[in-house]
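Database features, via TrEMBL:
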{"type": "TRANSMEM", "residues": "6-25", "note": "transmembrane segment"}
{"type": "BINDING", "residues": "Pro72, Thr73, Tyr74, Asp103, Arg140, Arg145, Asp168, Asp169, Asp170, His283, Thr284, Arg285", "note": "UDP-alpha-D-glucuronate binding site"}
{"type": "BINDING", "residues": "Asp170", "note": "Mn(2+) binding site"}
{"type": "SITE", "residues": "Glu201", "note": "site 'Interaction with galactose moiety of substrate glycoprotein'"}
{"type": "ACT_SITE", "residues": "Glu256", "note": "active site, proton donor/acceptor"}
{"type": "CARBOHYD", "residues": "Asn275", "note": "N-linked glycosylation site"}
{"type": "SITE", "residues": "Asn293", "note": "site 'Interaction with galactose moiety of substrate glycoprotein'"}
Amino acid sequence: MKSLFYSRFFILLPWVLIVIIVIDIDTKRSSVRNTANFYLSRLGNAPRPDRAVRTTSAVNRTALPVIYAVTPTYTRAVQKAELTRLANTFRQVPRFHWIVVEDSSAHTELVSRFLARAGVQSTHLHVFTPRRFKRNGMPRATEQRNAALGWLRGHRSLNDAGVVFFADDDNTYSLELFEEMRSTRRVSVWPVGLVGGRRYERPIVEQGKVVGWYTGWRADRPFAIDMAGFAVNLKVILDNPRALFKRRGAKPGMQESDFLKQITKVEDLEPKAHNCTQVLVWHTRTEKVNLGNEPKRHLDSVFIEV
Ligand SMILES: *[C@@H]1O[C@H](CO)[C@@H](O)[C@H](O)[C@H]1NC(C)=O
Ligand SMILES: *[C@@H]1O[C@H](CO)[C@@H](O)[C@H](O)[C@H]1NC(C)=O
């Protein structure tokens, strides 16, 4: 028994040694390569070995259109948590400009402090929604999105290459989504996950053209799409200075359609995300928080921003 073990062991031993030596040579080689790259990159002309740098150095970053993400937001228990989730994504997107519009009569300290430390280039605006519009059955964040459009029209010109996207603070965004929308020539569209009472909604695409909508709610809308499902080239926003989100006569769920009607036609839409077959954004919605045990009066010995 013992001798069988030893004979097996000695047959295997040389093979094990050969494998160890090959692995060792291979790691030495790649470490020599990395060291060489390190010194060359210090001279300022070698491609650095990490992938992220290699992919972006091929593209001239300053030539990329800027993505302007418009986020309406309002004071509530989950606000800072939602904004943190968004900032953690947006911080990783090159050439990104975040337009945060508060529903308030002044900048709040929470959002000002948050943006100062978010590590994302941003513009902070505010506009108060009149109380008469804050009822159920009224579209939301109309004034805030229009304030952002007004800012873009006042501060950007046709020389600025950009893409405008409406990024509500209750969604989850993949990084790929931003690279898809960056090439938007006029208006681009893509699927949205967890929306309209379905796992996803999407534009139906045939031969590279949008021909209809897969949706659980009012497929008869001219553009049956969620706010997170489209992007608009900055030029289109500037060329159509009167295009706005409508308050008068607007119904919730019709805002997107009413806005897009002013700037494009269904047959001109540019399908993204593999002809609208990939979900790269989700309408996640944070659960309503339970503050049932929150004391009426401040009881803690310190004040903590949440
Ligand atoms: C990158 O693009 C910008 C704008 O198009 C241009 O001014 C600049 O010279 C380019 N830089 C390089 C290294 O090609
Ligand atoms: C989308 O569909 C068009 C037309 O069928 C095709 O030419 C194109 O390659 C498709 N794009 C992708 C990314 O699959």
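A Cβ is built for glycine as well, from the same backbone N, Cα and C atoms used for every other residue.
TrEMBL annotations: computationally assigned, not manually curated.
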Inquiry  = Counting Cβ atoms within 10 Å of each candidate's own Cβ, which of the recorded positions Asp168, Asp170, Glu201 comes out highest?
reply    = Glu201
Task = Among the binding-site residues listed here (Tyr74, Thr284), identify the one with the smallest other-Cβ count within 10 Å.
result = Thr284
Query = Which recorded positions out of Tyr74, Asn275, Thr284, Asn293 lie by ligand 2, going by a Cβ under 6 Å?
reply = Asn275
Request  = From the recorded positions Glu201, Glu256, Asn275, Asn293, pick the residue whose C-alpha lies nearest to the C-alpha of Thr284 (UDP-alpha-D-glucuronate binding site).
outcome  = Glu201
Ask   = Using Cα coordinates, what distance in whole Å links Asp168 (UDP-alpha-D-glucuronate binding site) and Asn293 (site 'Interaction with galactose moiety of substrate glycoprotein')?
value = 29
Message = Say we define neighbours as other CB atoms within 10 Å of the CB. Which of the recorded positions Asn275, Asn293 has the fewest?
response = Asn293
Request  = Work through the recorded positions one by one (Glu201, Glu256, Asn275, Asn293) and name whichever has its CA nearest to the CA of Arg140 (UDP-alpha-D-glucuronate binding site).
outcome  = Glu256
Key: Inter-residue Cα distance where the pair is Glu201 (site 'Interaction with galactose moiety of substrate glycoprotein') and Tyr74 (UDP-alpha-D-glucuronate binding site), in Å   = 26
Ask   = Which of the listed recorded positions (Pro72, Glu256) has the least company, meaning the fewest other Cβ atoms within 10 Å of its Cβ?
value = Glu256
Task = From the recorded positions Pro72, Asp170, Glu201, pick the residue whose C-alpha lies nearest to the C-alpha of Asn293 (site 'Interaction with galactose moiety of substrate glycoprotein').
result = Asp170
Ask   = What whole-number distance in angstrom separates the two most remote CA atoms of the UDP-alpha-D-glucuronate-binding residues Pro72, Thr73, Tyr74, Asp103, Arg140, Arg145, Asp168, Asp169, Asp170, His283, Thr284, Arg285?
value = 21
Query = Looking only at Cβ atoms, how many others are within 10 Å of the one on Arg140 (UDP-alpha-D-glucuronate binding site)?
reply = 16
Task = May I ask you to report the DSSP-based helix, strand or coil state of Tyr74 (UDP-alpha-D-glucuronate binding site)?
result = coil
